[in-house]
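Remarks on the structure that follows.
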């Protein structure tokens, strides 16, 4: 027997939607969970296989497994509905029917539309923004900063790269990022590469203790990871942000999604997708 509650995200496509919604709901409860995603459950046979996997994994548990579903096909979903061994939460059943009544229009019941290539132009924007973020990651090149919607600035390991990539993929934002070096932190002026793009700058900072922990995992017992060095770099970076009037955000306890959404909001960026 176990106190851990098993949670499964079951979908007829990638499972991203079921996972995102289900995880958001579960974070509202102080319970220990073991989570798993079962994607591409698009036939009754696959649904039965998924059900066998779920019930087998939970056979010794005190409570039935919780299953979040975004399956569209009624026949496939029926396999899960008929089971007495799971607690099923179907997102589409919860929201689609009320929306159909409100909008007075039947839904299309199209599988995978939220994460498929429904619009070629949107897909192209995401790919172009991703390429831009990759080419302008970690100060690799400053050549096309003029195209950037935002340039994230901060010390090493302060979340710049994942935030840049998420902004590109999720919102189609052209995000570059610039790492503050020792020379940049010693100087009393803005780095030369950033001077003409001041309006696009957005700073990311982090608690020195957390930075020390992250860097120690990457380079243990190095000067780079020393707490004193982390404290110095964070203090100098924040002093630069204040001196130069650069808006900045403490990302210590924030997820990548929260960081990106906050940058969008505070910097008044226009999302392309």
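Glycine residues also receive a Cβ, built from the backbone N, Cα and C atoms like all the rest.
From a predicted model like this one, the values you see are computed outputs, not experimental measurements.
Feature list (source: Swiss-Prot):
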type	residues	note
BINDING	154, 155, 156, 157, 158, 159, 160, 161	ADP binding site
Which chain neighbours of the ADP site, leaving out 154, 155, 156, 157, 158, 159, 160, 161, have a Cβ atom within 8 Å of the mean position of the site's Cβ atoms? 177, 179, 204, 206
Residue, out of the binding-site residues 156, 158, 161, whose Cβ gathers the largest set of other Cβ atoms within 10 Å: 158
Under a three-state reduction of DSSP output, how is residue 156 (ADP binding site) classified: helix, strand, or coil? coil
For residue 157 (ADP binding site), which residues of its chain lie six or more apart in sequence with Cβ-Cβ distance below 8 Å? 206, 211, 214, 215, 218
Mind giving me a neighbour count for residue 159 (ADP binding site)? Other Cβ atoms within 10 Å of its Cβ, every protein chain shown. 23
